[in-house]
Amino acid sequence: MRNGIMLEYEKHGELKTKSIDLLDLGPSTDVSALVEEIQKAEPLITASRTEQVKLLIQRLQEKLGQHSNHTFYLFKVLKAHILPLTNVALNKSGSCFITGSYDRTCKLWDTASGEELNTLEGHRNVVYAIAFNNPYGDKIATGSFDKTCKLWSVETGKCYHTFRGHTAEIVCLSFNPQSTLVATGSMDTTAKLWNIQNGEEVCTLRGHSAEIISLSFNTSGDRIITGSFDHTVVVWDADTGRKVNILIGHCAEISSALFNWDCSLILTGSMDKTCMLWDAANGKCVATLTGHDDEILDSCFDYTGKLIATASADGTARIFSAATRKCIAKLEGHEGEISKISFNPQGNRLLTGSSDKTARIWDAQTGQCLQVLEGHTDEIFSCTFNYKGNIVITGSKDNTCRIWR
């Protein structure tokens with residue numbers, strides 16, 4: 001969901017991928033000059049590929065210009081499951097999304113029609129953590145209170161593998177960017193990495209003393225971070241399962257932990273009312289973001305890593321500059337705790353979901369509330385943009401999902 005292009009090439013008969021970031025691409029960037037610059041730094045882009053790359057970047061540029069002043073209207077209300085929903089996740093394009101539930105299933109939905117495409121059945125307890133292997137979107141992983149994780153085909157709904165080995169509930173999971181591994185985090189204090197091809201366990205990440213509630217890979221997929229109720233975040237080498245750094249500094253449970261796009265910084269949010277920024281290379285804390293009066297429930301970078309947003313149980317959200325670490329804007333208007341916050345991929349809008357039963361769209365520069373998405377009859381625990389930034393999906397304890405477009 002960031003601006004960049006992926007190169008696929010062959011080396012010694014193996015297919016490899018490399019990503020090129022276009023963090024400074026804007027609606028007015030000179031594309032020809034940019035391509036020249038990229039070519040200087042990247043030998044993989046030969047003269048014969050110049051036009052193709054130009055075209056790709058122009059298409060990206062057009063997308064950046066679109067949807068920036070989009071107003072969202074309610075498109076569909078889906079009564080997704082009879083029992084409570086746990087999580088909602090979109091594929092990259094936003095063409096379909098999945099819902100997890102206490103009814104032990106995960107359902108796949110068509111966003112355009114609101115039709116149910118498939119029900120993934122087989123877990124013996126709550127399906128809690130769910131994800132697509134974006135950007136590919138051909139596989140789904142589900143993590144359950146039955147202590148297993150399952151890997152499914154989006155197309156057929158068939159279960160490829162059941163990953164067994166955790167001794168307690170799985171509460172978070174993530175695919176690596178290459179879609180070769182799935183990572184699971186559990187109440188048993190460990191995380192495990194699983195091979196998608198053969199269904200085998202690759203390694204167990206041991207070292208936390210309480211449940212792991214958050215995990216994420218960096219962009220290149222060679223590092224993974226885990227956030228735990230033991231107040232720490234650990235950085236691991238994804239290839240060996242070795243501990244690289246322990247981030248110690250928070251004095252309460254961790255609620256979120258993630259890398260910025262170029263993997264230079266790690267952002268952690270905690271129940272201690274602060275967010276911390278860490279140097280990803282050496283694990284040192286470089287800043288503490290303060291100002292909230294209650295627990296931080298969610299935090300995120302925009303896709304270039306220039307802005308940071310925090311959401312709190314105090315009912316406000318804040319935007320910080322990653323460079324100066326100063327608060328640029330305070331988002332006020334919700335009447336209950338804010339449990340979810342995210343930027344649209346274009347980076348000019350923020351989406352928040354709250355226990356006050358509403359989601360809100362904000363201007364990311366000014367912090368002004370642009371729209372209130374009303375209609376849910378209970379708290380919203382999940383809200384997300386699609387890649388183009390023109391669809392929003394909200395999930396609520398009222399047991400419905402709403403599609404806004």
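The backbone N, Cα and C atoms fix where each Cβ goes, and this holds for glycine too.
Away from its own ends, the repeat 'WD' (78-119) comes close to residues 1, 125-132, 134-135, 137, 140, 142, 144, 152, 154, 157, 381-382, 384, 386-388, 390-391, 393-397, 399-403 of its chain (Cβ-Cβ under 8 Å, at least six residues beyond either end). The repeat 'WD' feature in TrEMBL is assigned to 78-119 (among others).
Within the same chain, residues 1, 86-93, 96, 98-102, 104-108, 168-175, 179, 182, 184, 186, 188, 194, 196, 199 sit at least 6 positions outside the repeat 'WD' (120-162) and bring their C-beta atoms closer than 8 Å to a C-beta of that stretch. What TrEMBL records for 120-162 (among others) is repeat 'WD'.
Under the heading repeat 'WD', TrEMBL lists 163-204 (among others). The average pLDDT for the repeat 'WD' (163-204) in the predicted structure is 98.
Mapped onto DSSP classes, the repeat 'WD' (205-246) shows 0 helix, 22 strand, 20 coil. Positions annotated as repeat 'WD' by TrEMBL: 205-246 (among others).
Per TrEMBL, repeat 'WD' is recorded for 247-288 (among others).
Annotated repeat 'WD' per TrEMBL: 289-330 (among others), in sequence order.
Here TrEMBL flags 331-372 (among others) as repeat 'WD'. With a cut-off of 8 Å between Cβ atoms, the residues of this chain six or more beyond the repeat 'WD' (331-372) that come close are 1-3, 63-64, 67-68, 71-72, 294, 297-304, 306-307, 309-319, 378-385, 387-389, 392, 394, 396, 398.
Note: the repeat 'WD' (373-405) comprises 0 helix, 17 strand, 16 coil (DSSP; helix = H, G, I, strand = E, B). Marked as repeat 'WD' by TrEMBL: 373-405 (among others).
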Quiz prompt | Helix, strand and coil residues within the repeat 'WD' (78-119) as assigned by DSSP | solution = 0 helix, 23 strand, 19 coil
Self-check item: Per-state residue totals over the repeat 'WD' (289-330) - DSSP helix, strand, coil
Solution: 0 helix, 22 strand, 20 coil
